[in-house]
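In what follows, a single structure is set out as C-alpha coordinates and then discussed.
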Amino acid sequence: MSTPLQVTARLRVPVTEIDHIRGPLDAPVTIVQYGDFQCPFCGAAHPNLAELLRQRRDTVRLVYRHFPITNLHPYAERAAEVAEAAGRRGRFWEMHDWLYEHQDQLDPVHLSLGVEQLGLLPDEIDAEVDRHTYGDRVRHDFTGGIRSGVNGTPTLFIGDHRHEGGVDLPDLLTAVDATPTPTPTP
Amino acid sequence: MTGPDGLIRPGTPAPDFTLPATPDGRRTGPGQFRGRPVVLAFYPADWSPVCGDQMALYQAAMPEFARYDAVVLGISVDSLWSHRAFAEARGVRFPLLADFEPKGEVTRGYGVYTPQGQAGRALVVVDPAGAVAWSYLSPAEVNPGADGILDALDQLGTGRQVTAR
(Lines of atoms letter the chains of each structure in order from A and count residues from 1; the text may use other names and numbers.)
(Lines give C-alpha, C1' and ligand atoms only; values in the text may rest on other atoms or scores of the structure.)
Protein backbone atom coordinates (compact mmCIF):
# COMPACT_ATOMS: atom_id res chain seq x y z
CA MET A 1 0.00 0.00 0.00
CA SER A 2 1.20 3.47 -0.80
CA THR A 3 2.00 6.14 1.73
CA PRO A 4 0.67 9.40 0.32
CA LEU A 5 2.08 12.52 1.90
CA GLN A 6 -1.35 13.70 2.89
CA VAL A 7 -4.69 11.97 2.77
CA THR A 8 -7.47 14.27 1.66
CA ALA A 9 -10.59 13.22 3.45
CA ARG A 10 -13.66 12.87 1.28
CA LEU A 11 -17.28 12.35 2.13
CA ARG A 12 -18.01 8.70 1.40
CA VAL A 13 -21.66 8.54 2.39
CA PRO A 14 -23.74 10.47 -0.15
CA VAL A 15 -26.60 12.65 1.02
CA THR A 16 -29.93 10.85 0.69
CA GLU A 17 -33.53 11.40 1.69
CA ILE A 18 -32.92 9.81 5.10
CA ASP A 19 -30.63 12.73 5.99
CA HIS A 20 -31.76 15.77 7.95
CA ILE A 21 -31.55 18.65 5.51
CA ARG A 22 -32.07 22.35 6.17
CA GLY A 23 -32.26 24.80 3.27
CA PRO A 24 -33.39 24.36 -0.33
CA LEU A 25 -33.25 20.73 -1.48
CA ASP A 26 -31.77 21.83 -4.81
CA ALA A 27 -29.18 24.20 -3.33
CA PRO A 28 -25.98 24.18 -5.38
CA VAL A 29 -23.76 23.89 -2.29
CA THR A 30 -24.24 21.17 0.32
CA ILE A 31 -22.55 21.32 3.71
CA VAL A 32 -22.55 18.07 5.66
CA GLN A 33 -21.88 18.63 9.33
CA TYR A 34 -20.80 15.86 11.67
CA GLY A 35 -21.65 17.10 15.14
CA ASP A 36 -21.90 16.22 18.81
CA PHE A 37 -24.60 18.04 20.79
CA GLN A 38 -22.38 18.28 23.88
CA CYS A 39 -19.31 19.54 22.03
CA PRO A 40 -18.61 23.20 22.85
CA PHE A 41 -16.99 23.79 19.45
CA CYS A 42 -20.17 22.58 17.75
CA GLY A 43 -22.13 24.86 20.04
CA ALA A 44 -19.94 27.76 18.95
CA ALA A 45 -20.39 26.88 15.28
CA HIS A 46 -24.18 26.60 15.55
CA PRO A 47 -25.10 30.32 15.28
CA ASN A 48 -22.51 30.78 12.52
CA LEU A 49 -24.04 28.01 10.43
CA ALA A 50 -27.51 29.44 11.04
CA GLU A 51 -26.35 32.88 9.90
CA LEU A 52 -24.60 31.35 6.89
CA LEU A 53 -27.86 29.67 5.84
CA ARG A 54 -29.64 33.00 6.27
CA GLN A 55 -27.10 34.99 4.21
CA ARG A 56 -26.82 32.33 1.50
CA ARG A 57 -30.37 31.10 1.59
CA ASP A 58 -30.57 30.24 -2.09
CA THR A 59 -27.12 28.72 -2.31
CA VAL A 60 -26.55 26.51 0.70
CA ARG A 61 -28.22 23.56 2.34
CA LEU A 62 -27.02 22.00 5.57
CA VAL A 63 -27.08 18.30 6.35
CA TYR A 64 -26.66 17.25 9.98
CA ARG A 65 -25.18 13.88 10.94
CA HIS A 66 -24.44 12.56 14.41
CA PHE A 67 -20.92 12.08 15.69
CA PRO A 68 -21.17 11.72 19.47
CA ILE A 69 -17.77 11.30 21.16
CA THR A 70 -19.20 9.60 24.21
CA ASN A 71 -15.95 9.14 26.10
CA LEU A 72 -15.66 12.94 26.22
CA HIS A 73 -19.36 13.79 26.32
CA PRO A 74 -21.54 11.46 28.38
CA TYR A 75 -24.83 13.14 27.35
CA ALA A 76 -24.11 13.32 23.63
CA GLU A 77 -25.49 9.93 22.61
CA ARG A 78 -28.80 10.38 24.38
CA ALA A 79 -29.14 13.90 22.98
CA ALA A 80 -28.59 12.53 19.47
CA GLU A 81 -31.20 9.81 19.98
CA VAL A 82 -33.68 12.34 21.36
CA ALA A 83 -33.14 14.48 18.26
CA GLU A 84 -33.91 11.43 16.14
CA ALA A 85 -37.07 10.74 18.16
CA ALA A 86 -38.12 14.34 17.54
CA GLY A 87 -37.20 13.85 13.88
CA ARG A 88 -39.56 10.88 13.66
CA ARG A 89 -42.25 13.43 14.58
CA GLY A 90 -41.06 15.97 12.01
CA ARG A 91 -39.34 18.12 14.64
CA PHE A 92 -35.65 17.29 14.16
CA TRP A 93 -34.38 20.80 13.54
CA GLU A 94 -36.33 22.33 16.42
CA MET A 95 -34.84 19.75 18.77
CA HIS A 96 -31.40 20.25 17.20
CA ASP A 97 -31.61 24.00 17.82
CA TRP A 98 -32.83 23.54 21.39
CA LEU A 99 -29.95 21.16 22.15
CA TYR A 100 -27.31 23.55 20.81
CA GLU A 101 -28.91 26.48 22.61
CA HIS A 102 -29.04 24.59 25.93
CA GLN A 103 -25.74 22.75 26.02
CA ASP A 104 -25.52 23.18 29.78
CA GLN A 105 -28.88 21.43 30.19
CA LEU A 106 -28.36 18.09 28.51
CA ASP A 107 -28.70 15.96 31.64
CA PRO A 108 -31.75 13.66 31.49
CA VAL A 109 -33.97 15.86 33.70
CA HIS A 110 -33.41 19.08 31.77
CA LEU A 111 -33.48 17.26 28.46
CA SER A 112 -37.00 16.02 29.24
CA LEU A 113 -38.00 19.59 30.01
CA GLY A 114 -36.65 20.61 26.62
CA VAL A 115 -38.68 17.92 24.92
CA GLU A 116 -41.73 19.20 26.74
CA GLN A 117 -41.00 22.80 25.72
CA LEU A 118 -41.17 21.66 22.13
CA GLY A 119 -44.65 20.31 22.77
CA LEU A 120 -43.56 16.68 22.52
CA LEU A 121 -44.41 14.01 25.07
CA PRO A 122 -41.34 13.31 27.24
CA ASP A 123 -42.58 9.90 28.43
CA GLU A 124 -43.10 8.70 24.91
CA ILE A 125 -39.72 9.96 23.75
CA ASP A 126 -37.89 8.67 26.83
CA ALA A 127 -39.37 5.20 26.28
CA GLU A 128 -38.13 5.10 22.69
CA VAL A 129 -34.72 6.42 23.63
CA ASP A 130 -34.42 3.97 26.54
CA ARG A 131 -35.07 1.15 24.06
CA HIS A 132 -32.35 2.68 21.81
CA THR A 133 -34.84 2.78 18.96
CA TYR A 134 -32.57 5.26 17.19
CA GLY A 135 -29.22 3.83 18.31
CA ASP A 136 -28.53 2.20 14.95
CA ARG A 137 -29.29 5.41 13.11
CA VAL A 138 -26.84 7.39 15.24
CA ARG A 139 -24.22 4.64 14.88
CA HIS A 140 -24.72 4.63 11.12
CA ASP A 141 -23.96 8.35 10.99
CA PHE A 142 -20.91 7.92 13.22
CA THR A 143 -19.48 5.02 11.22
CA GLY A 144 -19.92 6.86 7.93
CA GLY A 145 -18.16 9.84 9.48
CA ILE A 146 -15.19 7.79 10.66
CA ARG A 147 -14.87 6.23 7.19
CA SER A 148 -14.99 9.69 5.62
CA GLY A 149 -12.16 11.06 7.76
CA VAL A 150 -14.10 12.95 10.40
CA ASN A 151 -11.33 13.77 12.87
CA GLY A 152 -13.18 15.67 15.57
CA THR A 153 -16.27 17.77 15.97
CA PRO A 154 -17.50 19.75 14.27
CA THR A 155 -16.24 18.39 10.96
CA LEU A 156 -17.79 19.94 7.87
CA PHE A 157 -17.73 18.65 4.33
CA ILE A 158 -18.39 21.30 1.73
CA GLY A 159 -19.33 19.34 -1.33
CA ASP A 160 -17.29 16.16 -0.97
CA HIS A 161 -14.24 17.75 0.63
CA ARG A 162 -13.46 18.04 4.30
CA HIS A 163 -13.39 21.71 5.24
CA GLU A 164 -10.01 22.38 6.85
CA GLY A 165 -10.63 26.00 7.76
CA GLY A 166 -12.36 27.59 10.71
CA VAL A 167 -16.06 27.76 11.45
CA ASP A 168 -16.37 31.47 12.10
CA LEU A 169 -18.87 33.15 9.79
CA PRO A 170 -16.26 34.83 7.54
CA ASP A 171 -14.42 31.50 7.14
CA LEU A 172 -17.65 29.75 6.23
CA LEU A 173 -18.73 32.47 3.79
CA THR A 174 -15.34 32.39 2.09
CA ALA A 175 -15.38 28.62 1.79
CA VAL A 176 -18.92 28.51 0.43
CA ASP A 177 -18.36 31.34 -2.04
CA ALA A 178 -15.22 29.60 -3.32
CA THR A 179 -17.07 26.36 -3.96
CA PRO A 180 -17.70 25.81 -7.65
CA THR A 181 -21.40 25.41 -8.29
CA PRO A 182 -22.90 23.50 -11.18
CA THR A 183 -24.18 25.70 -14.00
CA PRO A 184 -27.95 25.80 -13.77
CA THR A 185 -29.58 23.87 -16.59
CA PRO A 186 -31.82 26.06 -18.75
CA MET B 1 13.52 0.11 5.77
CA THR B 2 12.26 3.65 5.78
CA GLY B 3 10.82 6.02 3.21
CA PRO B 4 12.04 9.51 2.28
CA ASP B 5 10.22 10.93 5.30
CA GLY B 6 12.03 8.45 7.57
CA LEU B 7 8.91 6.50 8.42
CA ILE B 8 9.02 2.70 8.40
CA ARG B 9 7.63 1.31 5.14
CA PRO B 10 5.11 -1.42 4.32
CA GLY B 11 6.59 -4.88 3.91
CA THR B 12 9.19 -4.30 6.63
CA PRO B 13 9.03 -6.46 9.76
CA ALA B 14 7.66 -4.26 12.56
CA PRO B 15 10.38 -3.94 15.23
CA ASP B 16 9.06 -5.63 18.33
CA PHE B 17 9.16 -3.88 21.69
CA THR B 18 7.39 -3.56 24.97
CA LEU B 19 6.78 -0.34 26.86
CA PRO B 20 5.01 0.55 30.09
CA ALA B 21 1.35 1.19 29.38
CA THR B 22 -1.65 2.73 31.04
CA PRO B 23 -3.80 1.95 32.88
CA ASP B 24 -1.90 -0.56 35.00
CA GLY B 25 1.72 0.19 34.13
CA ARG B 26 2.50 -3.28 32.86
CA ARG B 27 4.63 -3.51 29.75
CA THR B 28 2.93 -4.25 26.46
CA GLY B 29 3.82 -4.19 22.78
CA PRO B 30 2.78 -5.46 19.36
CA GLY B 31 4.43 -8.88 19.73
CA GLN B 32 1.90 -9.81 22.40
CA PHE B 33 -0.87 -9.61 19.82
CA ARG B 34 0.42 -11.83 17.00
CA GLY B 35 -2.50 -13.15 15.01
CA ARG B 36 -4.32 -9.83 15.28
CA PRO B 37 -3.72 -6.56 13.44
CA VAL B 38 -2.09 -3.91 15.60
CA VAL B 39 -2.48 -0.16 15.05
CA LEU B 40 0.41 1.91 16.39
CA ALA B 41 -0.60 5.55 16.75
CA PHE B 42 2.48 7.69 17.43
CA TYR B 43 1.68 11.22 18.57
CA PRO B 44 3.77 14.18 19.70
CA ALA B 45 2.52 14.75 23.23
CA ASP B 46 -0.24 14.26 25.74
CA TRP B 47 -2.34 17.37 26.32
CA SER B 48 -1.71 19.22 23.08
CA PRO B 49 -5.21 19.96 21.80
CA VAL B 50 -4.92 18.03 18.55
CA CYS B 51 -3.59 14.92 20.29
CA GLY B 52 -6.50 14.93 22.66
CA ASP B 53 -8.83 14.90 19.74
CA GLN B 54 -6.99 12.07 18.02
CA MET B 55 -6.80 9.68 20.98
CA ALA B 56 -10.33 10.56 22.13
CA LEU B 57 -11.51 9.93 18.58
CA TYR B 58 -9.87 6.50 18.47
CA GLN B 59 -11.54 5.60 21.74
CA ALA B 60 -14.91 6.60 20.27
CA ALA B 61 -14.08 4.60 17.12
CA MET B 62 -13.15 1.48 19.07
CA PRO B 63 -16.22 -0.49 17.90
CA GLU B 64 -15.03 0.02 14.32
CA PHE B 65 -11.52 -1.24 15.12
CA ALA B 66 -13.06 -4.17 17.01
CA ARG B 67 -14.78 -5.32 13.82
CA TYR B 68 -11.29 -6.17 12.55
CA ASP B 69 -10.22 -7.57 15.94
CA ALA B 70 -7.54 -4.86 15.80
CA VAL B 71 -5.51 -3.74 18.81
CA VAL B 72 -4.86 0.00 19.11
CA LEU B 73 -1.78 1.27 20.97
CA GLY B 74 -1.02 4.98 21.40
CA ILE B 75 2.66 5.89 21.79
CA SER B 76 4.40 9.11 22.83
CA VAL B 77 7.52 10.03 24.79
CA ASP B 78 5.44 11.21 27.75
CA SER B 79 5.76 9.44 31.08
CA LEU B 80 3.34 6.87 32.34
CA TRP B 81 2.01 9.38 34.87
CA SER B 82 1.21 11.93 32.21
CA HIS B 83 -0.44 9.20 30.11
CA ARG B 84 -2.51 8.10 33.08
CA ALA B 85 -3.89 11.58 33.78
CA PHE B 86 -4.41 12.25 30.08
CA ALA B 87 -6.24 8.96 29.51
CA GLU B 88 -8.48 9.63 32.46
CA ALA B 89 -9.29 13.17 31.33
CA ARG B 90 -10.19 12.05 27.80
CA GLY B 91 -11.89 8.76 28.65
CA VAL B 92 -9.21 6.80 26.78
CA ARG B 93 -9.24 3.12 27.78
CA PHE B 94 -6.87 1.60 25.22
CA PRO B 95 -3.19 1.43 26.19
CA LEU B 96 -1.04 4.56 25.91
CA LEU B 97 2.60 3.49 25.84
CA ALA B 98 5.38 5.54 27.43
CA ASP B 99 8.47 5.70 25.19
CA PHE B 100 10.11 7.56 28.02
CA GLU B 101 13.28 5.69 29.03
CA PRO B 102 15.48 5.42 27.06
CA LYS B 103 13.62 8.35 25.62
CA GLY B 104 12.19 7.80 22.15
CA GLU B 105 13.98 4.49 21.51
CA VAL B 106 10.96 2.74 20.02
CA THR B 107 9.91 5.86 18.15
CA ARG B 108 13.37 6.02 16.54
CA GLY B 109 13.07 2.36 15.54
CA TYR B 110 9.96 3.26 13.53
CA GLY B 111 11.64 6.30 12.01
CA VAL B 112 9.35 8.91 13.53
CA TYR B 113 11.51 10.60 16.18
CA THR B 114 11.63 14.33 15.51
CA PRO B 115 14.41 16.88 16.12
CA GLN B 116 12.07 18.39 18.71
CA GLY B 117 12.43 15.24 20.78
CA GLN B 118 8.91 13.99 20.21
CA ALA B 119 7.20 11.37 18.11
CA GLY B 120 5.85 12.50 14.78
CA ARG B 121 2.15 12.01 14.21
CA ALA B 122 2.46 8.66 12.47
CA LEU B 123 0.16 5.72 11.98
CA VAL B 124 1.48 2.18 11.46
CA VAL B 125 -0.73 -0.84 10.85
CA VAL B 126 1.04 -4.11 11.68
CA ASP B 127 -0.45 -7.22 10.10
CA PRO B 128 -1.24 -10.36 12.12
CA ALA B 129 2.14 -11.85 11.16
CA GLY B 130 4.06 -8.83 12.48
CA ALA B 131 4.91 -7.01 9.24
CA VAL B 132 4.13 -3.38 8.52
CA ALA B 133 1.08 -3.33 6.25
CA TRP B 134 0.58 0.43 6.02
CA SER B 135 2.22 3.53 7.40
CA TYR B 136 1.37 7.19 7.19
CA LEU B 137 2.99 10.36 8.52
CA SER B 138 0.59 13.22 9.12
CA PRO B 139 1.62 16.85 9.53
CA ALA B 140 2.03 17.31 13.29
CA GLU B 141 -0.85 19.77 13.48
CA VAL B 142 -3.30 17.60 11.54
CA ASN B 143 -5.33 14.91 13.26
CA PRO B 144 -5.28 12.17 10.60
CA GLY B 145 -8.57 10.62 11.67
CA ALA B 146 -9.23 6.90 11.36
CA ASP B 147 -10.23 6.47 7.71
CA GLY B 148 -6.74 5.51 6.54
CA ILE B 149 -6.40 2.94 9.32
CA LEU B 150 -9.76 1.35 8.52
CA ASP B 151 -8.91 1.24 4.82
CA ALA B 152 -5.63 -0.53 5.67
CA LEU B 153 -7.49 -3.01 7.87
CA ASP B 154 -9.91 -3.62 4.99
CA GLN B 155 -6.95 -4.44 2.77
CA LEU B 156 -5.72 -7.02 5.27
CA GLY B 157 -9.00 -8.86 4.83
CA THR B 158 -8.97 -9.68 8.49
CA GLY B 159 -12.70 -10.17 8.62
CA ARG B 160 -12.21 -13.84 7.87
CA GLN B 161 -9.48 -14.26 10.46
CA VAL B 162 -11.69 -12.81 13.15
CA THR B 163 -14.18 -15.63 12.78
CA ALA B 164 -11.37 -18.20 12.96
CA ARG B 165 -10.02 -16.85 16.21
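Glycine is no exception: its Cβ is also placed from the backbone N, Cα and C atoms.
What TrEMBL lists as region 'Disordered' is B:1-32. Across the region 'Disordered' (B:1-32), DSSP assigns 3 helix, 8 strand, 21 coil.
Taken together, the residues of the domain 'Thioredoxin' (B:8-158) have an average pLDDT of 94. Residues or ranges marked as domain 'Thioredoxin' by TrEMBL: B:8-158.
Among the features that TrEMBL reports, active site, cysteine sulfenic acid (-SOH) intermediate is placed at B:C51.
Within the chain carrying the region 'Disordered' (B:1-32), a Cβ under 8 angstroms from the stretch's Cβ atoms is held by residues 38, 40, 71, 73, 75, 80, 83-84, 87, 92-93, 95-100, 105-106, 109-112, 120, 122, 124, 126, 130-137, all 6 or more beyond its ends.
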